[in-house]
């Protein structure tokens, strides 16, 4: 009996021990099931995030709630937003689950929103048979083939040694009348100009002819002489480094005048107009010369015999008493150009600007503009109502500058993009760029992309580039994208009418890859004050959906001319309110609405991307109100005081503006003297 009891007791102990071990094992697996996600979650937030968070707080004048481990610490989402499928911001947990996908996209550097051209085949788009969609399908098809060849290595740079074509730099270039006409009235300056270079043009203006403007007629005689940057960028109109336009007859004032200016990407700068009055004493001189000399004017008071001439004599006596040396006008000079009368014009490159003399007399001086240098002036064009007899260029540079666009790339680690953060960012900036805009992208990297917010990855900026028609450009573009890590290639053949596809890709990246609170679009010739842009967005009360920029209201499409829009493309009389394309901001929910509509083939696509954005925001506004904020500081035409963005800035102007922002601590333009 005792033995039996002992056996029973020992068996019960063994059974209890097994149960205990099973409970411990179950508890162990239970702990591990909770521990593993915790380990991954804590491991995803590195110490660098904390450091960058403090630098972000230091960069802005007022605190901004970013970072932290809870949903409320990242985006404060109210109940109203919670119920709205388009409004809610992604919480960190969901974003972290997407991290592997995000990293893969980052390494690929290719937008995947346009899988292939068949995306436009399955219907759904209301205007699927339009010219736009046919153009898009063809561009995506060709782009995919080009990219597949690049990605697979089938398209490679030529391995055969290329004989470097060293262009000679002659000290002097001259052409006769017939040669000039045969060369399309352009004199090529192989190595540009240098200090002291001078060009002489011998020509005769035509007699005035009748031109009609509607019901009005006018007698017109004018010509244009331009220094052009012929080697700036292929496929674009060359920048006009100096535009010299004498109007003998036909100016709106009714008097002969001389207009001077510069033009970059079809955007004119601030002009200099000489109308016969000498520049005032308070205007700056150019190498000691006045900007505009005086000549006789056909005024009612008899030109120089009137009050103006008396005033000039008084000024001369006053300057003499004060010890200031300034010559007095002793001759009644005529306007330097006349119909049917031969002239000899000389253009000279000085220390501070260009100086133009006619028949040995100084006429005008034009100060250099920040965006251009003398070596950029590789062509002289003379067009209009004029016969050119000969052109001479002398004292030209002896060295040959490299005009290869790739020379602007500086393969240094300092210019590489920081890695993507592990949590949503405050602002994503998508920058539209063309494949061969190597200099523009490098200037952006060296200027406003060095801002503390960008370097700390609180703000992420990426270039969105379509494929170029030339394969060698695409090969260099792929290398650039792989090295710097800041280029997203949108795989279609670039076309001006398809820029809107890049805009959709920007929204998709901002929503799905970085989950940005705000999404901004700008161009590669736009200078952005990143901190000011965020502050402007944060001014919107509450957590409203927003659309911020330089808003156009009640604009009508142009039906004639170069930028004409057909009724098939846009049947409505007016465009919706839209922000100018060089710089605008969207809230996350608006960007997500655009991406969702595109993926579901409900998005109407129009060739003008800024108008398209206004149209999409208007549609979103039908279901949820959008705070539309208009500000002229998102400058469309050049640069203004206290700008948020400045458009049409050349690479040199971008570097200049960044230098001023760093040294002075405040924004200052670089396109005015």
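Don't overthink the numbers, they just go from 1 along the chain as shown.
Glycine residues also receive a Cβ, built from the backbone N, Cα and C atoms like all the rest.
In summary, of the candidate residues 8, 621, the record from Swiss-Prot lists N-linked glycosylation site for 621, whereas the others have no such entry there.
Ranges compared are 20-40, 41-61, and Swiss-Prot records transmembrane segment for 20-40.
The Cβ of residue 182 (N-linked glycosylation site) has 10 neighbouring Cβ atoms from other residues within 10 Å, across all protein chains displayed. For the pair residue 182 (N-linked glycosylation site) and residue 621 (N-linked glycosylation site), the Cα-Cα distance reads 58 Å. Within the same chain, no residue at least 6 positions away in sequence has its Cβ under 8 Å from that of residue 621 (N-linked glycosylation site). Looking only at the domain 'Galectin' (185-394), the predicted model's pLDDT averages out at 83.
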